[in-house]
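See structure below.
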Amino acid sequence: MSFVPGQENAGSRSSSGSRSGNGILKKTTWADQTERAGNNGNRGRRNQPKQTATTQPNSGSVVPHYSWFSGITQFQKGKEFQFVQGQGVPIANGIPASEQKGYWYRHNRRSFKTPDGQQKQLLPRWYFYYLGTGPHAGAEYGDDIEGVVWVASQQADTKTTADIVERDPSSHEAIPTRFAPGTVLPQGFYVEGSGRSAPASRSGSRSQSRGPNNRARSSSNQRQPASTVKPDMAEEIAALVLAKLGKDAGQPKQVTKQSAKEVRQKILNKPRQKRTPNKQCPVQQCFGKRGPNQNFGGSEMLKLGTSDPQFPILAELAPTAGAFFFGSKLELVKKNSGGADEPTKDVYELQYSGAVRFDSTLPGFETIMKVLNENLNAYQKDGGADVVSPKPQRKGRRQAQEKKDEVDNVSVAKPKSSVQRNVSRELTPEDRSLLAQILDDGVVPDGLEDDSNV
C-alpha cells in the first residue's frame, strides 16, 4: 500500500468534500473551486496542470515533477544547504518514520534584468522528494549528485525506496514544509509559506463565514503567529525610550559652552592615563604641551584629539592592556612628594618602554606611515612646543581693535583753555550792544566776531 502525505487514512470520510477519480476523498478548497470555474470556459479542452516553480523552464532545464512540500529559498549568498544527520525530512500526516527518507533538489531559478540593464540571477530554491521519486528517482541514497542533499530519519531504511505516490497537482496541493522539533534550519534560508501563507488566509475567510459561536471557537483554537523581530525594531525601541525621557532621537545634540565645560571637567577629573582627549578637552589640556617627552601630535590632531578622522587607523597600533603589561619593560619609581606645606603622600610612577612592530602587509600601511610622519615631532616643524595656533578673533572684534589702534597712533592736540573756548565763539546781540557803548563811534562792524578785531 502506497502512502499519501497529509492523509491519516485513505478510506476516511469528511463532512465536506468530493471524491476524485482514484477513490480518494479530496477536500474541496477555494483554489479548487477557482480552477473548476475556470475550467468551465475551456470548451472541452484538456485540463493543463498549473505550472509551479519546479516545472518552470530555466535555461532549457525543466523539472517535470511536483514536490509534496513547499520549497526552501535561499536569501543569503555563500550559505551552504545542509542538515544535521537524522534531520531535514519534512513531516506529514500519514507517513511513518520508516518512509521518511529522500533528498532535497536544488532548482536554479530564472534571472531578471535590473533597471540599469544588468542581468541578476535569483538565488536557488530547494524542493524535497522522497527516495525513488522526483527528478532523480533512479538514484540510490547517498549518490554524489550536483545539487542534491540526501536526508533521512534515524528509523528509515535507506537501502529501499520510499513507498510514496507521486503528487498529482490536480488532486493534491503542496503541503507547507514543517520539520520535527529540534531541527536546525540551514542559515541563510527560509521556508516558503512559513509566514501568513495562502492556506492560513483561506481558513480565516472560511471561519468568518460561519456563525459567531463557531468563529469564536475556531479563533481560540488557531495557533497565534510567532512574534518576529524586524531589523529596525532596535531603533524603534530606542526612539520610544528617548521619547519617554523627553528627548528627540532625530534632533542632534547641541554642545553649549556649559556642556563643553562639564565634559572637559569630567575628563580632567580622571587619572592621567585614563583621559581621552577630544574637541571639548584638547590634547594639551589633558597631557600638556608638546616637547621631547611628548612628541606626538600635529596642530590639527592636537585640537581634535581622538575625534580626528585619522586617529582610528592609528589606534590599530595601540597595544592592549595585556600587551602593555606583558610586552613592555616596566619599572616602578618612587617620586618626591609635594612641598613642605603639602600633606605627605607617597607618589609612584610606573615607567614603561616597549615597541609596536608592524610591516608593509598591515592593512592601511601607507596611510599609517603618512599619519605618523605628519605627527611625530611635529612641534619641531611648527616652531615650538606649543603648536596650537591662538584662537582667531571674530571679525567685528578685530575691526574694533584696528580702529582703536588707529586712534592711538594719531597725535591729538591738547584741549583749549576756557578763555580760548570763549573767544572763539560768535558774539551775541547783547555783546554787540555792550561793545557799542565802549567804543567811541558807537558802531561795531558786522565782521567782528572775535577779539582779534577789537
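Using N, Cα and C of the backbone, Cβ positions are placed for all residues, glycine too.
Taken from Swiss-Prot, the feature RNA binding site covers Arg109, Arg125, Arg167, and the record attributes it to similarity to another entry. Sequence-distant neighbours of Arg167 (RNA binding site) (same chain, 6+ apart, CB under 8 A from its CB) are Pro5, Tyr66, Ser67, Trp68, Ala174.
Per Swiss-Prot, compositional bias 'Low complexity' is recorded for 11-21 (among others).
Look at Swiss-Prot and you will find 49-61 (among others) tagged as compositional bias 'Polar residues'.
Under the heading compositional bias 'Low complexity', Swiss-Prot lists 193-212 (among others).
Feature annotation from Swiss-Prot assigns compositional bias 'Polar residues' to 215-227 (among others).
Residues or ranges marked as compositional bias 'Basic residues' by Swiss-Prot: 267-277.
Feature annotation from Swiss-Prot assigns domain 'CoV N NTD' to 64-193; the stated evidence is sequence analysis.
According to DSSP, Ser170 (phosphoserine) sits in a coil region rather than a helix or strand. The phosphoserine feature in Swiss-Prot is assigned to Ser170 (among others).
Annotation comment: Swiss-Prot describes Ser194 (among others) as phosphoserine.
Taken from Swiss-Prot, the feature phosphoserine covers Ser389 (among others), and the record attributes it to sequence analysis.
Annotation source Swiss-Prot lists phosphoserine at Ser424 (among others).
The region 'RNA-binding' feature in Swiss-Prot is assigned to 56-197. Applying DSSP to the region 'RNA-binding' (56-197) sorts its residues as follows: 6 helix, 35 strand, 101 coil.
Summarising the annotation, Swiss-Prot assigns region 'Dimerization' to 267-383. Each residue of the region 'Dimerization' (267-383) gets a DSSP state, and the totals for helix, strand and coil are 45 helix, 16 strand, 56 coil.
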Worksheet entry | Euclidean distance between Cα atoms of Ser170 (phosphoserine) and Arg125 (RNA binding site), Å | 23
Practice prompt. Report, in whole Å, the straight Cα-to-Cα distance of Ser170 (phosphoserine) from Arg109 (RNA binding site).
Written response: 24
Worksheet item: What is the biggest Cα to Cα gap, in Å, among Arg109, Arg125, Arg167, the residues listed as binding RNA?
Response: 21
